[in-house]
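According to TrEMBL, the feature Zn(2+) binding site maps to CYS98, CYS103, HIS180, HIS185.
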Amino acid sequence: MPIVYYYLCFELNNNMALNGFVEFFQKGKTFRPKKRFAAGTIRYSLYKQAQASLQSGINLRQVVRLPPGENMNDWLAVHVVDFFNRINLIYGTVSEYCDESTCPTMSGGSRYEYLWADGEIYKKPVALPAQKYIEHLMDWIETQINNEALFPVSTGVPFPKTFVALCRKILTRLFRVFVHVYIHHFDRIVSIGAEAHVNACYKHFYYFVKEFDMISSKELEPLHEMTSRICKDKD
């Protein structure tokens, strides 16, 4: 059940069609290849099931729930890869405006600053310009999801005991990209007409991490006010 590269095409019917998500954000851009799940595999079926739910226009809070009888780790794997792909695309639209002069730290306003550590090259937390932080983050995530010992690609290989903790770490760090983009670059998102796309992606992400308690309330605090305004889907 190999995981290979792909381009994501999700869509919503609440005036935020995401079937053009990839085309919209890739216009004139070149990004790292995207991960996908091979047709005929369990995770591909889960991906298609999630996509069909999104296309039906049903409540996003309901879309993220684990389908009956499905494996929780497979559901997590599908969504971690999906969010990695989409958030990487979103950041790509503002990356040329995010450099050492405009964003000397990886921050979310004056109250929040994120330090980078990966346990290898950066063994201790260090302050980096936002662009460098996010480049290291995307490379680090790609390494994790390509590591078959961490993200098994065969039904005969069990998920490691640390899998959920790793997913929490990945999603927490991806959330910080949302924080930086919303607080420091949202004017660029609005100027290219991408606000609805980004908000829809954020809502999907937020409902997922809340449903499975993947990110702490403290980490979610920087976008609390905005989240309360746009995440209003009924339970």
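Even glycines carry a Cβ here, placed using N, Cα and C.
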Cβ-based isolation winner (fewest other Cβ atoms within 10 Å) among the binding-site residues HIS180, HIS185: HIS185
Residues close to Zn(2+) site centre defined by CYS98, CYS103, HIS180, HIS185, Cβ within 8 Å: VAL94, TYR97, THR102, ALA130, GLN131, VAL181, HIS184
